[in-house]
Amino acid sequence: MSFILALDQGTTSSRALVFDHDGNVLGLAQKEFRQIFPQPGLVEHDAEEIWASQLGVVVEAIARAGITAADIAAIGITNQRETTVVWDRRTGRPIHHAIVWQDRRTAGECDRLRAKGLEPTFRNRTGLVLDPYFSGTKLAWLLDNVPGARARAEAGELAFGTIDSWLVWNLTGGERHLTDASNASRTLLFNIHDGAWDPELLELLRIPPAILPQVVASSEVYGETAARFLAARIPICGIAGDQQAALFGQLCDRPGMVKNTYGTGCFMLMQTGERPVLSGRNLLTTVACRLGNRTEYALEGSVFVAGAAVQWLRDGLGIIRTSAEVETLAASVPDNGGVYLVPAFAGLGAPHWDPYARGALLGITRGTTAGHIARATLESIAFQTADLLEAMEADAATPLAELRVDGGATANNMLMQFQADLLGVPVVRPRVRETTALGAAYLAGLAVGYWRDRAEIGRLWQAEHTFEPAMDRDRAAELRSTWSRALERSQGWAQP
């Protein structure tokens, strides 16, 4: 019997999961790594620490599954997107810490590009907005601020990649420098219509083409692991950015199907088929996956801070000891007591796109308790999701039938019920909640014939629980109206 290994490299931890043919998790390992905050608004990772943590959990997950590396049929990779790494091709060493997707250091550069009237150019070609969130301006910053980097890049000595590229480079012992189309579509450098790096956008951001990875399909055999890592050469066969992998793992394979992932951030994607739909409401158009010559697209809304707000309660305020305690604390009060948290710790993402927004806690009175703050924190995740869905339904001109959910915070029943109440549609939690890793596993397995086709994996999806809306629609509208007032007060707070 053989198995599929999925590498799930996230914003706060590296994970590895072993799946069997029925999509069951046989072994799982996870390791957190450092979050580096050099200044307010700046977020970095040590890329070498990411690699070490990822390799460590791979070995641990295989051991926990009770198998050997020789039993692995294929490896799939899913990753935090946009996070930018540049390394020396000869030594394999990064020239700087990785700049994380949450980092806002290039807000001024985005403003300058916008002032030149270039927003429509980037928007129409990439499906993205000009925002520090994406990789392009991060890469330009590294080339401009690391001594000698630009000259070395132009000489072909440096390699750029998102985290998937960094992992593949290391897994193959430096033999392969590549990224899949879903990750490439998050860089501000990739033309989603042509399916290739865009020469004009590269010129606008002063990016030498020699630094870029090869763009490949999301499901194909890219190469094999170097034998020194796992005592076996295992095919690396599937890659997708974390949110696209979750869309695939949730079997949202028909236009109009929507999933929302509740992780560090919160990310909603709607499958739109083979036609890229450009949003009129500040959503993103992105590549969902590339299978052979077929490219599928999605509309996306990205919330920067979701589960990270709960981590702030734990690490910043110290009102909970573990993230799981937030549900009990929030349940200690009957409602939010008029308290609203806008967790704009790294600005606001879709549909607002305000890099200068900052976090705000509003409605506090002498009677406000830790329970009210905990409840407001959970509710902020649902409010941001509701803003996304409203914009998405308008762009697609199609009302949502159900919302499929995944990610760590979906274990929080209070949050899921409030989400259904606020949206007025069923919220469906799948039996296998590890849908991001599962999507990467499916992509890898399809490449080597472990699963025959999407119809076969489609039969594996099952709902574990459906949360039906129970709140009066007038009450939901009232709550959302107050949320909007709070949102307005957080916007434009930081100085450009």
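Cβ coordinates come from backbone N, Cα and C, glycine included.
According to Swiss-Prot, the residue from Y133, Y297, Y340 that belongs to the glycerol site alongside R81, E82, D242, Q243 is Y133. Among the candidates T261, T264, T365, T368, the residue that Swiss-Prot names alongside T11, T12, S13, G307, Q311, G408 for the ATP site is T264. The Cβ of Q243 (glycerol binding site) lies under 8 Å from the Cβ of R81, T261, F267, L269, E300, S302, T436, each on the same chain and at least six residues away in sequence. Comparing C-alpha positions, G307 (ADP binding site) sits nearest to S13 among the binding-site residues S13, E82, D242. Comparing Cα positions, Q311 (ATP binding site) lies closest to T264 out of the binding-site residues T11, R15, Y133, T264, G408. The most densely surrounded of the binding-site residues G307, G408 is G307 (count of other Cβ atoms within 10 A of its Cβ). Within the set of binding-site residues E82, Y133, D242, T264, the entry lying nearest in space to S13 (ATP binding site) is T264 (CA atoms). Per Cα geometry, T11 is the residue among the binding-site residues T11, E82, Y133 nearest to T264 (ADP binding site). Ranking the binding-site residues T12, R15, G408, N412 by the distance of their Cα atoms from the Cα of E82 (sn-glycerol 3-phosphate binding site) places T12 first. G307 (ADP binding site) falls within a helical segment according to DSSP.
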